[in-house]
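As annotated by Swiss-Prot, region 'Disordered' applies to 1-80. Marked as compositional bias 'Gly residues' by Swiss-Prot: 7-78. Annotation source Swiss-Prot lists asymmetric dimethylarginine at 8, 12, 15, 19, 25, 35, 43, 57, 61, 65, 69, 73 (among others), citing similarity to another entry. Among the features that Swiss-Prot reports, S-adenosyl-L-methionine binding site is placed at 175, 176, 194, 195, 219, 220, 239, 240, 241, 242.
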């Protein structure tokens, strides 16, 4: 009888090995028997988070969501055949290859911010006799960025373009901020406000390589605390996910946003009121924005990238809305 548990363990280990193969280490540990097998199978096989933990390339191979949510370098099939085309929004591009990808021109070539894929393309020189230059683009993942999800969903107006000054509320560790930095380019500025200190540290280290990003570790509810750092801006982007989100946006818009400036807001219904359906929450928030002199231009759901999220584009009318 002493041999039977071992045989069960071996069988389980075999399962772990075969299923854990996606996760690198998960598979190799699976062969050791009982516990190793079960851990190898359950962790390595599922791809989303387990795959990325299991090995260096687990996330990118783990599955459709696993790859999108940020495996080490998953997502793009590039190569010499990639063609870069401009998107309808200035500063945003589409990389056409085996699959079409949303990309931005990398402000810091050679640097990856959150493990995203980079695509290098040779662009011919405008002058005769000058060799072509290599330009690097970064893949903008709509599963990791609400703004990218909105662009993929077909936003008509963005207000974020080369040379613009943008106030970004709720910058987190700088995933989307880095792409906004790419879009506005060296002539533009991104003021990135984040209250939490841990992602704030990552935001600061990202900003060290991008001269057009100004990180501000401060509460967006108190814009007077960073008024000496921020000038008048062309657009405010907000992804703060707080119940008083509309008030936070209004305070910052009144203080920093120029007349007729753009407001781009990502609304997460559950963070504002989880007792009613998402459409009701969105309608209430849009009405609050109207009361704060922000004229809504369009509203777009972020399906299939985010559930119960929408993005609202508005224009700030400093003189007030016409009735």
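Residue 1 is the first one shown; counting continues down the chain.
Keep in mind that glycine also has a Cβ here, set from the backbone N, Cα and C atoms.
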Which ones in the same chain are close to residue 241 (S-adenosyl-L-methionine binding site), with CB under 8 Å and 6+ residues apart in sequence?
170, 266, 268, 271
Tertiary neighbours of residue 175 (S-adenosyl-L-methionine binding site) (same chain, Cβ under 8 Å, six or more apart)
113, 114, 144, 145
Just going by other Cβ atoms within 10 Å, which of the binding-site residues 194, 219, 239 has the emptiest spot?
219
Assuming the binding residues for S-adenosyl-L-methionine are exactly those in the record, 175, 176, 194, 195, 219, 220, 239, 240, 241, 242, what is the maximum CA-CA distance in angstrom, rounded?
19
DSSP-derived class (H/G/I helix, E/B strand, else coil) of residue 194 (S-adenosyl-L-methionine binding site):
strand
For residue 239 (S-adenosyl-L-methionine binding site): DSSP state (helix, strand, coil)
coil
